[in-house]
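Colleague: Residues annotated as active site, proton donor in TrEMBL: Y49. Per TrEMBL, the feature substrate binding site maps to H103. Annotation comment: TrEMBL describes 27-261 as domain 'NADP-dependent oxidoreductase'. Marked as site 'Lowers pKa of active site Tyr' by TrEMBL: K74.
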Amino acid sequence: MPWEDIKLNDGRKIPGISYGTSRHSGDTVSTVDAAIHAGFDSLDTAQIYRSEGAVGQAIKQSGIPRNDLWITTKWSGLKSAKESIHDSLENLGVDYVDLYLIHFPAVAKGDIPSAWGHLEDFKKAGYAKSIGVSNFEITHLKELLYHAKIKPSVNQIPFHPNILAKQEPLVKYLQEHNIAVEGYSPLAPLWQDGGNAPVLKAVKKIAEDHEVPEERVLLAWTRAKGVIPVTSSSTKSRIESFIAAGDLRLSDEEVKTIDKAGYKASRNADLKQRIVTGAKWVVAAGLVTYIAVSRMT
């Protein structure tokens, strides 16, 4: 399939799309098995998802050799780093994971250098072939990079057109430091937006032009922005559609059209937030005035 592998800064190659197991309805084992057989060779889980056991079972029953799959999991802070990596390996039924991430900065409990040191130890011990972070902002990354002996290979962040304006500086920073970007929730506009929302309107038009489902356009856009999509579904036809999205290449103009729609969506969201905040202040001021007048009478 044409989802090309992406070379990481440690020399290894990560698949160009990943199947996430953070949330979906139905039997996790069967949906992961469907994803594997549809062509997903990268599976993403985490300690906090409680899906590692199901992923491990699906891998085992798939019959696909361990070396043909890329397995990502995350230290979510439920236990110590050492306990967590060993629990994850046992749950997954493997001797190592391809990518181990600190799930979010709070896991470090205010000490990012020490937390990252545990992952460096896991890489040296062979428990994780590559290491990285998730949900880290630029400030967290600067602190990590200042102390790190091994640079993180990946930062996994939320990424879709509606939040392009917010995430663009972070993506640029990561790319400048040769840290691969994985983007989760790439299809969020499909369930967040109404029919006339800027992004969904643009995506629908491009999907019609190419005669493909809308999710393929969003995945193709994500790849065009240099981000590896992490997506999920419990429906076999949609899982297969995600893989088929690798065949779709958007023109520069189509990418820019979605970018512009994303910027507009961000401006609309900011304006709505300011209106809501302003209304709350007006109501609060009115209440204070009413109380003050009541006490005077």
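Just so it is clear, glycine is given a Cβ too, placed from its N, Cα and C backbone atoms.
Note: TrEMBL annotation is automatic and uncurated.
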Colleague: Just to be sure I understand the packing, how many Cβ atoms besides its own are within 10 Å of the Cβ of the residue listed as 'active site, proton donor'?
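Modeller: The Cβ of the residue listed as 'active site, proton donor' has 19 Cβ neighbours within 10 Å.
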Colleague: Expressed to the nearest Å, what is the distance separating K74 (site 'Lowers pKa of active site Tyr') and the residue listed as 'substrate binding site' at their Cα atoms?
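Modeller: Per the Cα atoms, K74 (site 'Lowers pKa of active site Tyr') and the residue listed as 'substrate binding site' stand 5 Å apart.
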Colleague: For each of K74, H103, count the other CB atoms within 10 A of its CB; which of these recorded positions has the top count?
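Modeller: Counting every other Cβ within 10 Å of each candidate, the maximum falls on K74.
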Colleague: Could you measure between Y49 (active site, proton donor) and H103 (substrate binding site) for me? Cα positions, answer in whole angstrom.
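Modeller: Just about 11 Å between their Cα atoms.
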